[in-house]
C-alpha cells in the first residue's frame, strides 16, 4: 500500500513580531506544496528519500582546485529531522514499533525562506503515514502533532505554521488560540531575497529596543495589533472583492512601515517591496521575521508584472494564491 499526501506553505499576512507581545496575527496557506509518499516496506526500518528539497540561491565559489559551497545545506538536512520526528509520533500514536516505512519527499517550497517548509513536510508526513497505518486523525489532531514535531526539533513553536498547513485558508491567531476566517481569493506574488533572516536575533533585537525605549516601541506594537484587527474586519466585511483588495493593500503598506520602524527590514526587502508597488501591487510587505527571507505583494490582475519587477530587483518571484485546502490525501494505491 502507498499513500501520497500534500500540505501547503504559509505566509504571515499581518502581525509578525507584534504577535510575540500578545497581539493577534493573520496567516494563510498558499498554493506551494510539499508532497510526501509513504509506503510499507519489508525491512523493519524507516527510509527517507528527499528527491527535491529546494534550497534557493545556490552560491558556489572556485579557488584554484577547490570548490566552496556557500549555501547552507544544513537547512535541507534539517527538514529530515522533522520527517523523522513526525514518523515517530505517528508510530507511537498507532502503537506500532516494528514496522518498515519508506517516505519520499518532493517540495515546491523553498527551505529557510520563512514560508513554513518544515511545518508543511511534518504535516504531509503525518497525514501520509497515519493514513498508511489506518489511523483516522482529524486535521486539528494532525496540526497538534505537527506542532509537537516542531517543539521536538526546534524547542519552541507558536503552532501557527502547522495549524495553517493542516487546515488551510486563513487563520486568525491570538494568545495561543486559533480562529478559522472565511475564505477569500488573494492574488499574491511572494518575493524571496535569496537569504534567510536570523529569526532569533531579530526577535532579540526588537525585545532590546522594547526594553530600552518602551515609550516608542509599545505604540508601534499597539498599532500593529490594530492593523491585524482591521484586516480581520475587512476579511469578514460584506464589501465587494475589489474594495477588500484596496483596503487590505493599504493595511499591508502600513504594516510594512511599522515593521521597518522596528528595524527588521533590509535594503533588499525594501527594494522588492517598492518594486512590487511601482509595478502595480495594491500593497506589499515583509512576511515573517524580516532580515532576509520573503516579502509578498497583493497584485490583482498584475501578478505577472509584479513578478517581473521582483525578478528585475534581484528577487525570486513565486506567483501563487491562497490555498483553501490544507492537508490533502492526494492518492491511495492499494
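Cβ coordinates come from backbone N, Cα and C, glycine included.
Given the structure is predicted, the values throughout are model-derived calculations rather than measurements.
The annotation ATP binding site is assigned in Swiss-Prot to 110, 111, 112, 113, 114, 115, 116, 117, 118, 119, 120 on the grounds of sequence analysis. Spatially close to residue 120 (ATP binding site) yet at least six residues away along the chain are 7, 8, 9, 10, 33, 34, 107, 109, 161, 165, judged by Cβ distances under 8 angstroms.
In three-state terms derived from DSSP, residue 161 (active site, proton acceptor) belongs to a helical segment. Marked as active site, proton acceptor by Swiss-Prot: 161.
The ATP site, placed at the center of the C-beta atoms of 110, 111, 112, 113, 114, 115, 116, 117, 118, 119, 120, has further neighbours from the same chain whose C-beta lies within 8 angstroms: 9, 109.
The DSSP secondary structure for residue 114 (ATP binding site) is coil. Here residue 118 (ATP binding site) comes close to 78, 79, 82, 111, 150, 153, 154, 161: these same-chain residues lie at least six apart in sequence, with C-beta atoms under 8 angstroms from its C-beta.
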